[in-house]
C-alpha cells in the first residue's frame with residue numbers, strides 16, 4: 001500500500017507546485033491525447049524529453065515516480081507481451097506454433113511500454129505537486145460552464161475532494177488492518193487462488209466498517225456546522241491563473257504542433 005500515490009501530495013516550492021491546477025489538468029489531458037500521435041522514435045523522444053522536463057521542474061525525487069510505477073508493472077508487462085505475441089508483422093524473427101514475433105511487433109510493444117510509463121509519470125507529477133483539495137477546486141472551476149445546463153458542479157467537486165482526501169486514509173487503514181491480521185497469524189501469501197481470495201475477507205470487512213463510520217462522522221460534522229452547498233459559497237484559497245500557467249499550456253500546444261507536423265512529414 002505504500003506504493004499507492006493517488007491522493008498523496010509532496011509539499012514543495014517548485015514552479016510546478018505553484019502552478020494553477022487547471023493548467024496542469026489541461027496539460028495532462030492533452031498529453032494523454034497527443035501521445036497517440038507519436039508513431040516513431042523521434043516522436044517518443046520528444047515526449048520523453050517533455051516528461052523529464054516536468055520531473056526535473058517538480059524537484060521531486062525519481063524514487064516517488066518509480067513507486068507510482070510499481071503497482072502498474074503487471075498490467076504493463078501483460079499488455080506489452082500480448083502486443084508482442086499477437087501483432088502481425090512482415091519481418092518475423094521468431095516463430096513457434098501460432099506465436100510469431102516480428103520486428104514490427106517488438107517495436108509496437110516498446111511504444112506501448114513508453115506510453116504507459118509516460119502517462120503514469122505525468123499523472124504522478126500532477127498528483128504529487130497538487131494538494132487533493134486544490135485539484136478538486138481546479139476540476140470544479142473547469143466544469144463551471146456546465147452549470148448553465150443545470151449540472152451540479154459544486155456537489156461533484158465536493159464529492160471528488162472528499163474522495164481524494166480519504167484515499168490516503170483508506171490506504172493507511174488497510175495497512176493497519178493487514179498488520180493486525182498478520183499479528184494474529186494470518187498469512188496473505190500462501191495457498192491457492194481461492195485461499196488468497198478468502199484471506200482478503202478479514203481485511204475488507206473491517207475496512208468497510210471503518211469507512212462507513214468515517215463517512216457517518218463526516219456527515220454529522222458537516223450538518224452540525226450548517227454546511228449548505230451550491231452557489232454563494234466562497235473558498236479560502238482562490239485559484240489564480242498566472243503567466244507561468246499560460247507558458248505551460250503554450251508548451252503543450254507547441255508539442256502538439258511538432259508531433260502533427262512530424263507525423264505528416266514522415
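Glycine residues also receive a Cβ, built from the backbone N, Cα and C atoms like all the rest.
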From 8-28, 29-49, the residue range that Swiss-Prot assigns the feature transmembrane segment: 29-49
Which listed span Swiss-Prot calls transmembrane segment, if the choices are 106-126, 127-147: 106-126
Given ranges 73-93, 178-198, the stretch to which Swiss-Prot attaches the annotation transmembrane segment: 73-93
Range annotated as transmembrane segment in Swiss-Prot, from 151-171, 214-234: 151-171
Touch test for the transmembrane segment (246-266) and the transmembrane segment (106-126), at least 3 Cβ pairs under 8 Å: no
